[in-house]
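Inspection log for the structure reproduced underneath, given as structure tokens.
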């Protein structure tokens, strides 16, 4: 059973609306649904909300480190609460998926995502679940044949139409979460992947 859901993003008001903070957006909606509130926890280098799911503790974590150091936060909480990699779901922005698309995946590479790289380094394994929220790739949006800088792209706010699609993918992820949390990962994946 999943004991920890991590949303990836960067701290600070200046990053609140960045595409790179899609994981934070997901956790903010989930915490509200679970009537949980985030509290700063220095020992975990992040903001933590604790909820109950089917009588079990469920931790929600938003690292307060910058994206590249997310593993420091995840590792600290997992060691303290004895949470294994298989009991973790990391919610992340995904350049290689179009806005409006969400995908569940166990393990695999990092796709160049620095937050995932650091988590993998701290957990010593890639074998944890990821919920990938599509934000699109700048090569798909430039339109004028010139490449757009990826770092610049992820640290910008999406256009309104894109934001609506990302919000829809967050909603789709939340809809399959009960199936996922009770361990029916295959059905959760099939339902989510059929939605776009």
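Every residue, even glycine, has its Cβ placed from backbone N, Cα and C.
Keep in mind that this is a model prediction, so the values were computed, not measured.
Noted in Swiss-Prot for the protein shown:
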type     : residues        : note
SITE     : 10              : site 'Discriminates between blocked and unblocked aminoacyl-tRNA'
BINDING  : 15, 66, 68, 114 : tRNA binding site
ACT_SITE : 20              : active site, proton acceptor
SITE     : 93              : site 'Stabilizes the basic form of H active site to accept a proton'
Not counting 15, 66, 68, 114, residues with a CB within 8 A of the CB centroid of the tRNA site are 10, 20, 65, 67, 69, 70, 115
Express the distance between the Cα positions of residue 114 (tRNA binding site) and residue 10 (site 'Discriminates between blocked and unblocked aminoacyl-tRNA') as a whole number of Å.
12
Select the closest residue to residue 66 (tRNA binding site) from the following recorded positions, measuring between CA atoms: 10, 20, 93.
10
Identify which of the recorded positions 15, 20 has its Cβ surrounded by the largest number of other Cβ atoms within 10 Å, counting every protein chain shown.
20
Candidate nearest residue 68 (tRNA binding site) in space, where candidates are the recorded positions 10, 20, 93 and distance is Cα-Cα
10
Taking residues 15, 66, 68, 114, which bind tRNA in the record, the widest Cα spacing (Å, whole number):
16
For the recorded positions 10, 68, 114, work out the Cβ neighbour count at 10 Å and name the residue with the minimum.
68
Based on Cα coordinates, which of the following recorded positions are within 10 Å of residue 93 (site 'Stabilizes the basic form of H active site to accept a proton'): 10, 15, 20?
20
Can you tell which of 66, 93 has the most other C-beta atoms within 10 Å, given these are the recorded positions?
93
